[in-house]
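J.: Pasting a structure below so you can have a look.
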Amino acid sequence: MNYIYSFINGDFMRFFNREKEITEILSILEGNPDLVYFVYGPLNSGKTALISEIINNRIDKNKYVVFYINLRGIFISKYKDFIEVLFEEYEEDRKPVEIIKSLIKDVPSLCGIPTPKNTLEEILKKKTTKNVFKYITNVLMDIKKEGKQPIIIIDELQKIGDMKINGFLIYELFNYFVDLTKELHLCHVFCLSSDSLFIEQVYSEAMLKDRVDYILVDDFDKETALKFMDFLAEEILNKKLSDDEKELIYSYVGGKPILIIKVIKKLKIKGLKETLDEMLRDEMQKLKYFLEDIKEKDEESYNKIADALEIFKDSYEIEDIKIPKNIREFLVKKNILFLNPQKGTLKPQSYLVWNAIKRLL
């Protein structure tokens, strides 16, 4: 069992026992690029932490060049926004590959593709993805000539899902990523998303059939969650939890890493039952106000949504088609439910949400 952790600015940063997923991704990286990979899972299940661990600690820095484009927290509404996220402008009179070689000596990944100022101005002026993709491909080919394997990782890709530049930008990106992987075998591509509705749309997209694959980063199963509690209790509280205490924590928050961390941290100043009841009460209030807003606008919709949620009183996970498509898509979009398109199942985003549903309805 591997335990990997660090302290940054006094905060405990989670990373724990994702060896199965790490092994799968490292195996992909060792082969030739041939598919686009979508890394998905419930909210706060540890997707970004997993990728960060691989970038920072698991790959050979002399062999790979990683471009990690994080769209989280960035407002993208127009072409210029997209370009500014994708590229890093520089003014030196050097080739992009030379800039890249100098930068990767000090950092594990680059947050944008280095681009000379005059080139970036031309790209912005023409407003066409053709020039963008051509430039990126040339940079990636230069990296390959240097004996290194490029990797592109885009976090929260769904943020550009509705953006149009001569058609939907997302489809142009998909086509380009397929070209980089399945056609040219030039660059590994990973797309991260916690938006399971977006993943379902990708999964159903005919143009991507046999060109993409999926890696699920789910909340911990019970066995791993209990071991994670042992690990955190030793590190944060300098003591062990009893089996009953761990079972109680799991019954409230399940295997959601961030919620387990929150519980253990609060135990420094509060009792366990008080902490768990407080967290559940907070989740119930959020759900109550969410349903109240719906009821005020449309009582018929409220009744349908309440009926759908009541199905979870007996089961944590159900077949997706048990809930009408428009209702399930609404609940997934609002992050009440998580959809797994590969299994065709729905479940609450966390045990905490599940407990709130059971007690409120």
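Every residue gets a Cβ built from N, Cα and C, even glycine.
Under the heading ATP binding site, Swiss-Prot lists GLY41, PRO42, LEU43, ASN44, SER45, GLY46, LYS47, THR48, citing sequence analysis as support.
Walk me through where these features lie, including what they touch and how far apart they are.
T.: Under the three-state DSSP scheme, GLY41 (ATP binding site) falls in the coil class. Around the Cβ of GLY41 (ATP binding site), a 10 Å sphere holds 22 further Cβ atoms from the protein chains shown.
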J.: What number of additional C-beta atoms lies within 10 angstroms of the C-beta atom of PRO42 (ATP binding site)?
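T.: Summing over all protein chains shown, PRO42 (ATP binding site) has 26 other Cβ atoms within 10 Å.
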J.: List, in sequence order, the residues of the same chain other than GLY41, PRO42, LEU43, ASN44, SER45, GLY46, LYS47, THR48 whose Cβ lies within 8 Å of the centroid of the Cβ atoms of the recorded ATP site.
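T.: Neighbours within 8 Å of the Cβ centroid, excluding GLY41, PRO42, LEU43, ASN44, SER45, GLY46, LYS47, THR48: SER194, VAL217, ASP219, PRO257.
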